[in-house]
Amino acid sequence: VPVVMAGVLGIYGLIIAVIISTGINPKAKPYYLFDGYAHLSSGLACGLAGLAAGMAIGIVGDAGVRANAQQPKLFVGMILILIFAEALALYGLIVGIILSSRAGQSRAD
C-alpha cells in the first residue's frame, strides 16, 4: 500500500508539468517574467510538497509494515496516517494549479 501511495506523488508532478508546458507557447504570445516566476513557483510548490509527502509516506510505511507484521490491528491506523501524508502532496498540487493559472493574468500591454 505505501508503494502505491508513493507512486501517486509522481503523477501529481506529471500533472503540474503538463499544465506548465501547455502555458508556454512563445510563438503565440510573449512570455513575460511574471509567467516564468508563476510557473517556477507552481513547480516548486508541487515538488516540495511531494518531497515532504514522500518522506512521510516512506517513514510511516516502513514503520507500519513492520508493526503490521507483529500486530495486524494497526493496519487501519497505518492507512489513515498514509492518507494524511498523501494529503500534503494533494495540497501542493492544488497550490501549484492555482499559481500556474495566475501566469497569464499580469500583463503590461
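Note that the numbers count up from 1, one per residue, in the order the chain is shown.
Cβ atoms here come from the backbone N, Cα and C positions, even for glycine.
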One side of the membrane in Swiss-Prot: Tyr31 and Ser100: yes
PLDDT averaged over the residues of the topological domain 'Lumenal' (100-109): 74
